[in-house]
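Participant: As annotated in Swiss-Prot:
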BINDING   GLU271, ASP317  Mg(2+) 1 binding site
BINDING   ASP317, ASP319  Mg(2+) 2 binding site
DOMAIN    265-348  domain 'Toprim'
ZN_FING   41-65  zinc finger
Amino acid sequence: MDTPRLHPETIAAVKERADIVDIVSEQVVLKKRGKDFVGLCPFHDDKSPSFTVSPAKQFYYCFSCGAGGNPIKFLMELGKQSFSEVVLDLAKRYQVPVRTLEVQQHQELQRQLSRRERLYEVLAVATQFYEQSLRRPEGAAALDYLRRSRQLQESTIQKFQLGYAPAQWASLATHLIEQKRFPADLVEEAGLVVARRNGQGYYDRFRDRLMIPIHDLQGRVVGFGGRTLTGEEPKYLNSPETTLFEKGKLLFGLDKARAAIAKQDQAVVVEGYFDVIALHAAGIDHAVASLGTALSRQQVKLLSRYSESNQIVLNFDADRAGAKAAERAIGEVEDLAYQGQVQLRVLNLPGGKDADEYLQRHSVADYRELLARSPLWLDWQIDQLLRDRNLDQADQFQAVVQAIVQLLGKLPNTPLRTHYVHQVAERLSQGEARTAVQLASDLRAQVRGQRWHGQASRWEKPGDVSIREQAEAQILKVYLHCPRLRLAVRKTLHDREIQGFSLQPHRLLWQAIAEIEEAHLGFAAMYQVERGEGNGDDLAAIDLVPILRDRLDQLTGVSLGGFLELSENDHADLTHPLPLLRGAVALVERLRCEKRCRHLLDSWARQSIHTFEHCIEQLLQAGIGEDVDAEAQITALHEQLNQEALHFQKLYYNERRYLQQLDQERCLNPQAFLGMTEHDATAIAPTTPQPISA
């Protein structure tokens, strides 16, 4: 039987999931050497380790026989298999769905590939048009802006192919469709023109804007960013998502920066196009920018191909908006950072300036010095938590401690946790040595109690995910379809310390909602809203459903059907939205609480319990004077020896009391909990250890 033609998406998915070390180590004994692995080459009679495997580059190479390639090539050469056979085997191994091409599908794919080439051609011609327009009289103001306001040299303008979109409604449309004879639907597909509502022709998407081409890794133009020159909103307008232009998979400037990233073993990620352009002009050419979105895991992995140490510096603005962008970026790759798979640092420039503004007033050496001193992401986050806090006020002190405990509880490395516990204790004690010692002890105990977060799935029952999915969906439906309750939802989540949603589709939808609201309300108002404060009327006035419907193509990985179009049952439930909301939130919190209980119960059960008899025996061996209060000494020793077990016992019973409180709230709205059985609601763990007592 012939091996079927595989769909390109299947091949791409296999390449993304296949790990070179995982595959090679099954055939070759590998030893760690620096960032790479070495072993005896399987392709020739190797006497000394000349075979190198690079996890960062997903590549192997033998310095003796010259064999080299990616994971697929390794298996093809070793097993003498065809490309398709290896890909099929890997697809089964990594559980990648296999799609194949029939003859007709193969022909359609060839047609699509041909159309892609035409799209590249259209975008290249558009780039030339914008570049030429910059040199014409109508582009004089844009050129003056680049030279005077941005202080760019001619070589930099040409390097980045900067241009100008004329103010006329259809200058580019006329040039491409009528003069260059490109099909109108092709030009529209490239994101350059928009069809008129009356169906009579097209108008230019970009008008009277400074044009910044966005390139892929091969240096081909795939989209544009257009900056207004008149104060018109939005300040920056990007190309829409197209076949070629996917914002989450691209980084502005990477085509020009990748060699420098490999040389410097570091990538600098900034916020704006002109930050990248200014840094490259100053000789700091290992800088890139995300395209108006938080840095994604995929973008981080893209950068990791070029940096052996996977070192990434986030250089975002030092204002609150920049800090929020940095926090979003950290959130996307936090697990990679905790595991040490990426060395993440954060650089905030003084005075709240971006890189472009800073370089206009300071030297390149100043910037490089700040770059070299940029703190690790965890140090930066701790700094953010302590900034502008009055630690003499109990509520602020408690809030800081709780947030820091959550951060440190996720660290898998015990020595590193100890380092940060002592460092934070020193800062919280404000120079008081005795207080620092006590704080370090308290923090260590609290962090130990938080360690279950890193192993969440271990403490989760099989049915928890589906129950949580129902509850989170109900919260989102209330938020979307009951606008008067939006501030109440925000306040409830904030007060319960529920940081967003657990399931990825819900997180993406919540993030999209927040971006829409921030665009309407502004950052300052949105900051209050996220804390459950501010004006609920302004929040309620935003018509989220149609806006989200228009953004369907941008929300990959989210099925919005059940959120935007309500069923009859949904309509019935939402006739009493407030009890529904309270019940759903209580259920989300209950699931978290149950998980904590299971963890604490397990930790408690694993402690060695020392009896009073054991304590008496120890004291007798040590010798007790006649004038000593023996009962007090026995009690003190009992508490000392059982300190850990008593700690977990106390935490466990606190959680059980909280569960009872949540169950009372749950009774307000039974229909929010139809997915929860009586057993789910009561069974926390098989057996509760006996309390430690006399």
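The chain as shown is numbered from 1 upward.
A Cβ is built for glycine as well, from the same backbone N, Cα and C atoms used for every other residue.
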Participant: In the zinc finger (41-65), how many residues does DSSP put in helix, strand and coil?
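Facilitator: Final tally across the stretch: 0 helix, 8 strand, 17 coil.
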Participant: Using DSSP and collapsing to three states, where does GLU271 (Mg(2+) 1 binding site) fall: helix, strand or coil?
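Facilitator: In the DSSP reduction, GLU271 (Mg(2+) 1 binding site) maps to coil.
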Participant: Excluding near sequence neighbours, so keeping only residues 6 or more apart in the same chain, what lies with its CB under 8 A of ASP319 (Mg(2+) 2 binding site)?
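Facilitator: Long-range Cβ contacts: GLY352.
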Participant: Within the domain 'Toprim' (265-348), how many residues are helix, strand or coil going by DSSP?
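Facilitator: When I sort the residues of the domain 'Toprim' (265-348) into the three classes, I find 36 helix, 16 strand, 32 coil.
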Participant: For the domain 'Toprim' (265-348), report the average pLDDT of the model, please.
Facilitator: 87
